[in-house]
Amino acid sequence: RRRLAQSLLALFASSLAISLVFAIIPLCHNVVVLAVVMAVAGLAMGCIDTISNMQLVKIYQKDSAIFLQALHFFVGFGALLSPLIADPFLSDTNCILANGTANASSNLPHIRKSLVPHHPGNLSHYDLPMKGMVVTRVSYAFWIMALINLPVPIAVFFLLYKERMVPCFNGSSHPLLSADELALETRPGDKDELSAAGQRPHTAAGHQDLFSCCQSKNFRGASFTYFAVHITGALVLFMTDGIVGEYSGFVYSYAVEEPLAVVHKVAGYLPSLFWGFITLGRLISIPVSYRMKPATMVFINVVGVLVTFLLLLIFSSSVVFLFVGTASLGLFLSSTFPSMLAYTEDILQYKGCATTVLVTGAGIGEMVLQLLVGSIIHDRGSYSFLVCGMIFGCLAFTFYALLVFFHRMYPKPSPELDEASPDKAAAPEDTGQYQR
């Protein structure tokens, strides 16, 4: 119960911080203040990402794959919906009125064409006013997003209240669900097993609080395969989430360059197409994950990414196949993160510690690979964009193969004897009950 309270309080604080940050951003008139506010937003989003994934794994355990796919579908849906909310408030002209506003507004398309990924043109002859009356309406987009997010901390606070974890309001309320009801009851034969497992004390190490995974005592006596599973799983997500970041960030710049030379307006649809198929793929993965093992889904994903980049390299001069390949890449990358999370936690018996390592690895990959690809495109040209993607895909497949190898070497858990239920001694897996 203490661990649940810590998680819910952290989710409440983080989600409330997101609304506050979005409300404050339009009021920031100093770049240093804006950087601090954005850093707070990043920290809050990281907490939400880690805690939500970890709690789903701990609650549903072997059934968590379905819920992880649903969680990440809504992540992709939000990424697709947010630009549509902001779009009506974006200005097509310069946001500051001055004497040279008309000329500056007409210069904007030329500036966009000059900002190519490599060998940028001379922009010094373009004059944009930096002082004058601000006429932008983009502030409304941030305030709308702050209001849209506000029901999230309210819902988390309501859950805290119903679970009697708010000190001032813990007298008369009743918990929403009992511990047995929190466990997913999709298999009729598991109900008796769940009730029998409820009689057993919760003795697994590292479950005392939210930060128990960081305690050094949990690593004593661990085999090298224990650390190898964590590292290889994180490296797979380092590559795949890095591909998501670098592809969505640079596919527009690649498309408008030679030899494709796609019209700017048409090239602008590519990132939306990519995120749209990521969202569609995550929606499809919800029912698929019920029938297919996470390891199989990850294998299909990494092979699909590799084949798609290979075809993009072969048909690099085809605009049509660029759109087809973008959709295909989004589809294959869509379920990689939740499937890898479910697969790795399944190997490690759902202790929750792998979740933090994998989320951190994915976040670092998304940050580092964008910087790396951007610098390479600047030096080597736009074609290196696809070459980098192919290399990252090969590395992701290699790390996945190593993960499967270490999985086979990882020692299987010895079955725990249950005095009340001796017939269940051969069941090494956890029952999926949510221990509070």
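Cβ atoms are placed via backbone N, Cα and C, with glycine included.
Automated prediction, rather than curation, is the source of TrEMBL annotations.
Now, the feature entries from TrEMBL:
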- 414-436: region 'Disordered' (REGION)
- 33-52: transmembrane segment (TRANSMEM)
- 64-85: transmembrane segment (TRANSMEM)
- 140-161: transmembrane segment (TRANSMEM)
- 224-244: transmembrane segment (TRANSMEM)
- 266-284: transmembrane segment (TRANSMEM)
- 296-315: transmembrane segment (TRANSMEM)
- 321-343: transmembrane segment (TRANSMEM)
- 355-377: transmembrane segment (TRANSMEM)
- 383-406: transmembrane segment (TRANSMEM)
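Between the transmembrane segment (64-85) and the transmembrane segment (321-343), the number of CB pairs under 8 angstroms, six or more residues apart, is three or more, so the stretches are in contact. Contact between the transmembrane segment (296-315) and the transmembrane segment (224-244) is present: at least three CB pairs lie under 8 Å, with pairs separated by 6 or more positions in sequence.
When each of 33-52, 224-244, 266-284, 355-377 is checked for Cβ pairs under 8 Å to the transmembrane segment (321-343), 266-284 comes out on top.
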